[in-house]
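Chemist: Sharing a structure here in structure tokens format.
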Amino acid sequence: ISPVPPYSREQPIFTTRAHVFQIDPSTKKNWVPASKQAVTVSYFYDSTRNSYRIISVDGAKVIINSTITPNMTFTKTSQKFGQWADSRANTVFGLGFPSEQQLTKFAEKFQEVKEAAKLARDRSQEKIETSSNHSQESGRETPSSTRASSVNGTDDEKASHGGPAEAHLKSENDKLKIALAQSSSNVKKWETELQSLRESNARLSTALQESAASIEHWKKQFSACKEENDQLRGKIEELEEQCNEINKEKERNAQLSRRLQELETELQDKELELEELRKQGEIIPELMSECESVSEQLQAAEKKNKDLEEKVRTLRTEVEESKHRQSNLKTELKNFLDVLDGKIDELHDFRQGLSKLGVDN
């Protein structure tokens, strides 16, 4: 059933869209969504009753039907969320807005409507008091006038004016009875509103205490999150130190790689030098063969020139000189072989060191 029938004099004075929530009646802590999506929320004004209502409908379901009273208060609990308590509906409504500006406009309209409701209530009380005072004054004046007429008038005047005066007194008494009944009903109504306000204040106090408890709970969770954040920062610092160590290790590996390239270049140079030494070593057998041929020629010459002493002496001198040169050549050849063996040993040791360095890396 729609809260605003088509023939009603209520007209919307402000409309917005928001997500509607109601407080959980069992826990009085958690919010329960009253709509799955944002719905239209409107302020309505009833000109016949001079009252204001907040109404919201989700399809065919009425989720808000709250009459605004001067004692209600709209509270902003966050940048996009506000709430108010309705003692007649025995619940607390909450609205979530898409932006802070829409929340501010709704709160300002709530305050404006609240002031208008308060003004309307004050006016109605003034009217009741005025009508009551008029009734009391008329009730007081009528008996005095009758008393004056009875005192100053004659018996004939009493007889002629007695009937209308009694009728007037009766009508005034009826008015006083009606005013007294209205006053009694208004007193009961105000007592009922006062009791509902007391209950609303009690619920608000309970909600405030629960909110304080929830704030302490969130403070504890915030402290726990802060400690966890500090722990994570410590772990991040440890990981940064490990990354720095890894970068240093990479730099050392790069230096070792450059040193390895340098050693490989030196090895290539040594191999070239060894190749030259090998080429020189290949010449030595040729020199040996030449020495052997010279010795054979020398022996043949000694046999042929035994008869020629002078030639022999000369040849002996040449032979001695040739032997001296041969001995020098052999000595040089031996020294060269010794040097070659040393170079080969050094190259072998260098190759072993290089292989060991490659295995370590």
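Using N, Cα and C of the backbone, Cβ positions are placed for all residues, glycine too.
Annotations in TrEMBL come from automatic prediction, not curation.
Copying in the features that TrEMBL gives for the protein in this structure:
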DOMAIN    5-117  domain 'WH1'
REGION    118-171  region 'Disordered'
COMPBIAS  118-129  compositional bias 'Basic and acidic residues'
COMPBIAS  130-153  compositional bias 'Polar residues'
COILED    173-332  coiled coil
Chemist: For the coiled coil (173-332), report the average pLDDT of the model, please.
Modeler: 81
Chemist: Mind tallying the domain 'WH1' (5-117) by DSSP state, helix then strand then coil?
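Modeler: For that range the per-state counts are 18 helix, 53 strand, 42 coil.
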